[in-house]
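Asker: So that we are looking at the same thing, I have put the structure below in structure tokens.
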């Protein structure tokens, strides 16, 4: 990596303005080596791994936490507090990364994430735990944006697909194994170690970022006061947008589970969300050049479709990550730890293909074929998951897991590379924030929708069966591992069939999401990573600073 000319500056890094570099793809200098970036790459990978763990590790620990705090009414907040702040701060961090130095803003984000983990781990009561989860979600948003932006400003363009695919694969793998780790820690040690676990990993990440990671030397920019930067943050837009997202997610979290959909406590947040979002769009249209989300990002066809594709692939993946373990535990009778082992086919397929897809993209240059193939494989895999029954064989659930795992490995990382290729460098941070928002928003929305589908199907199926002594609400409340304890032996087969139908019906939603993702990928321009990198090299040699030209195949 080139030497950092700014290392000797004595001013605190955030006091110096930062502008995102012009489009260029600098190759390592002759005396440097990409091996110098390996520690930084490892540190950022650990940072992404923490995000994946934090996203899903709390699920298996929630019953124990609620028992300890005697807070059954707060259960919904244990998962949603993290998602609320992750979703609502994506664009804020995208904007911050265009104004401040990537290195130090990323360090601060990791510190916020670590602080949230410590507060949750040491929480003396339910309220403190929820606050810790909210703080961690905010830090997670900054880390996700920072890692991707650091990769886009540090690595040559042809290496970025490998970086993006690796960190994307790591996040997915972490999300899959997190419930197993959380279950084991909760059972054998204490649920608090689900969050103390982040501290040493985050400490290692911080050490590498502070002492090894060098700020890219081309991010100098002009001097500008902190107050001027704060004004450019467009605080009103951020507040209105955040309010609309929070209200929408709260309504989705409560609707059909905590409260009926026609309850005022669900309808009111939905109305406020709609009005707030309309106000946000109106305010943004008046800001033009100072909008929180530039028109050059919103009206870029490939960028917009990238965000939609990211939403669809994330929605599909989160549903499988949540409901396939439930199927293994409820229908196949597996323990939480054993169900994690039964997910290995999808983990292996996902991780191998995700990393390999980065090398393939660097070689062929075009991301669109990978996105189309990934959506197709995911749709086929999920389609066959809808046929699962209590009698489904090992060969079937292993084989179709491999199929959808490989599809996810192809699909999930590509929007990050695609949006960096489609946008000029000045818009990349906010473009990546848009992809990050699509991923995190899909995680919150998809699970809420599926939870309503699952609960309603299970309730209606049990009520229609009219089994004596079987109460639908008790079965729902007892969870995937406890509901059979109160069912008579001669009735278990029918109850399992009803439970199986409720779970597998949820897999139709990811099938639909994958089909929408396929359509989104079909509408993208065929931008070449290789051609854009070559063009940037030529501009660097000529002393040019253009950022727009990209080789495209218009389909």
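Using the three backbone atoms N, Cα and C, a Cβ is placed for every residue, glycine included.
Bear in mind that TrEMBL entries carry predicted annotations, made automatically and left uncurated.
Relevant sequence annotations retrieved from TrEMBL are reproduced here:
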type	residues	note
COMPBIAS	7-19	compositional bias 'Basic and acidic residues'
DOMAIN	40-529	domain 'Major facilitator superfamily (MFS) profile'
REGION	1-31	region 'Disordered'
REGION	530-555	region 'Disordered'
TRANSMEM	34-53	transmembrane segment
TRANSMEM	104-123	transmembrane segment
TRANSMEM	129-150	transmembrane segment
TRANSMEM	162-181	transmembrane segment
TRANSMEM	193-213	transmembrane segment
TRANSMEM	233-254	transmembrane segment
TRANSMEM	266-286	transmembrane segment
TRANSMEM	298-320	transmembrane segment
TRANSMEM	370-388	transmembrane segment
TRANSMEM	394-416	transmembrane segment
TRANSMEM	428-449	transmembrane segment
TRANSMEM	507-526	transmembrane segment
Asker: With a Cβ cut-off under 8 Å, give me the same-chain residues at least six positions beyond the ends of the transmembrane segment (233-254) that come close to it.
Answerer: 76, 80, 83-84, 87-89, 91-92, 95-96, 99, 263, 265-267, 269-270, 272-274, 276-277, 279-280, 283-284, 287, 290-292, 441, 444-445, 448-449
Asker: Using Cβ atoms and a strict cutoff of less than 8 Å, what residues sit near the transmembrane segment (428-449) while being 6 or more residues removed from its termini?
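Answerer: Cβ under 8 Å, 6 or more out: 20, 55, 80, 83-84, 86-87, 90-91, 93-95, 97-98, 141, 144-145, 148-149, 152, 245, 249, 252-253, 255, 293-294, 297, 300, 303, 306-308, 310-312, 314-316, 318-319, 322, 415-416, 419-420, 422, 509-510, 513.
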Asker: Establish whether the number of Cβ pairs under 8 Å between the transmembrane segment (507-526) and the transmembrane segment (104-123) reaches at least three, counting only pairs separated by 6 or more residues.
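Answerer: With fewer than 3 qualifying Cβ pairs, these stretches do not touch.
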Asker: Residue list, the transmembrane segment (162-181) vs rest of chain: Cβ under 8 Å, 6 or more residues beyond ends.
Answerer: 41, 44-45, 48-57, 59-60, 147-148, 151, 155, 194, 197, 317-318, 321, 325, 336-337, 339-341, 343, 346-347, 350-351, 353-359, 361-362, 408-409, 412-414, 416-417, 420
Asker: State the residues, same chain only, that lie 6 or more residues beyond the ends of the transmembrane segment (266-286) and have a CB under 8 A from a CB inside it; answer 'none' if no residue qualifies.
Answerer: 236-237, 240-241, 243-245, 247-248, 250-251, 254-255, 259-260, 292-293
